[in-house]
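Per TrEMBL, domain 'Nudix hydrolase' is recorded for 6-133. What TrEMBL lists as 8-oxo-dGTP binding site is ARG28, HIS33, GLU39, TYR40, PRO41, GLY42, ASN124. Taken from TrEMBL, the feature Mg(2+) binding site covers GLY42, GLU62.
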Amino acid sequence: MSGADPEPIHVAVGVIRQPDGRVLIARRAEGSHQGGRWEYPGGKVEAGETIRDALTRELHEELGIRPLELRPLIRVPWRYADKSVLLDTWEVRRFAGTPSGREGQPLRWVPPPELARYRFPAANGPITTAAALPETYLITPDVPGGERHSAFVERLRRHMAGGAELVQLRLPGASATAWRRIAADAAQVAREQGARLLLNGDVALARELGTGVHLPAAMVRALGERPLAASSLVGASCHDARELDQAVALGADFAVLGPVRPTASHPDATPLGDAQFQALIADVPIPVYALGGLGPEDLPQLQGYRAQGIAAIRGLWREA
Ligand SMILES: Nc1nc2c([nH]c(=O)n2[C@@H]2O[C@H](COP(=O)(O)OP(=O)(O)OP(=O)(O)O)[C@@H](O)[C@H]2O)c(=O)[nH]1
Ligand SMILES: [Mg+2]
């Protein structure tokens, strides 16, 4: 017997969204593989089909809808005891028709933060994370010299009230005292606004305040294992394939890869360029944000490469 794995079964999977952000899930028939669990609709790619063809056919067969706008979201390889699958997952942002369970399967439209409450097959973790994370990741600039901390926190509140759902607090110029104070205030504001806050590089304070943590690449290497429970977000900064592997091995929820393009804040760093960014993330089984010289206008292009979205300081932070 050869020890080599058989070719994985290629599966086209759809994260189907309403304009309000809710995501469609269906319950797998009892008796099928992973029966009784919830799934994102889709099915096996047949010989000669592209993923788009397969997803279009499956969504018609299972739900009676036709996808109109698709983008690649994440590819998750997984080995079950009885088979290996590759879940090639696409986000469906627009579709024609009204979904109905044409095979008798129950359907539900679920707000993204509630997806984690449902029991999915073991392979689905990264899909659920990708479905629940926003497409922008705001990284704060340092507090400008002379600005009061309260004014900075107020600006942060306005960003969160204006839709910044995922924010990394990064203040390389702050004293230890200022860092603690601002982090505590920012955590409070994030709770009030329903945003998720990650503290750059400070696991102990993240535990104390109940926030997430964003790990610089050197910390990912040094830690070796996930520092927070599954209920708190762990992000990881990466610059190359090795660091992406380390972030995945650590169990990070998502990675940030860059710099993709030249950026004023790191003028000495050599940008990866779009083609290399795309190649590097092609088989990374966690969501990856693109960082470096990017703003909201770049989102469609980067998402076409399978990025979760963009991370930025200047591109997303407004001084006014
Ligand atoms: N559609 C779908 N399949 C998933 C998910 N997660 C997951 O592990 N799978 C696995 O992917 C494999 C193929 O999916 P499927 O059973 O939907 O295939 P299909 O629609 O072509 O069904 P069929 O075999 O009855 O024709 C199954 O082994 C299933 O357990 C998911 O979220 N959605
Ligand atoms: Mg199916």
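Keep in mind that glycine also has a Cβ here, set from the backbone N, Cα and C atoms.
Curation plays no part in TrEMBL annotations; they are all automatic predictions.
Keep in mind the model is a prediction, meaning the values are calculated, not measured.
TrEMBL feature annotations superimposed on the structure.
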{"residue": "ARG28", "record": "8-oxo-dGTP binding site", "Cβ neighbours (10 Å)": "19"}
{"residue": "HIS33", "record": "8-oxo-dGTP binding site", "Cβ neighbours (10 Å)": "13"}
{"residue": "GLU39", "record": "8-oxo-dGTP binding site", "Cβ neighbours (10 Å)": "23"}
{"residue": "TYR40", "record": "8-oxo-dGTP binding site", "Cβ neighbours (10 Å)": "26"}
{"residue": "PRO41", "record": "8-oxo-dGTP binding site", "Cβ neighbours (10 Å)": "25"}
{"residue": "GLY42", "record": "8-oxo-dGTP binding site", "Cβ neighbours (10 Å)": "23"}
{"residue": "GLU62", "record": "Mg(2+) binding site", "Cβ neighbours (10 Å)": "21"}
{"residue": "ASN124", "record": "8-oxo-dGTP binding site", "Cβ neighbours (10 Å)": "24"}
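The two recorded residues PRO41 (8-oxo-dGTP binding site) and GLU62 (Mg(2+) binding site) have their Cα atoms spaced 8 Å from each other. In sequence order, VAL13, ALA26, GLN34, ARG37, TRP38, PHE120, PRO121 are the residues of the same chain, not among ARG28, HIS33, GLU39, TYR40, PRO41, GLY42, ASN124, whose CB sits within 8 A of the CB centroid for the 8-oxo-dGTP site. Across the residues the record lists as binding 8-oxo-dGTP (ARG28, HIS33, GLU39, TYR40, PRO41, GLY42, ASN124), the two Cα atoms farthest apart are 14 Å from each other. According to DSSP, TYR40 (8-oxo-dGTP binding site) is assigned to coil rather than to any helix or strand. Mean pLDDT of the predicted structure over the domain 'Nudix hydrolase' (6-133): 96. ASN124 (8-oxo-dGTP binding site) falls within a helical segment according to DSSP. Residue counts for the domain 'Nudix hydrolase' (6-133) under DSSP, helix first, then strand, then coil, are 30 helix, 50 strand, 48 coil.
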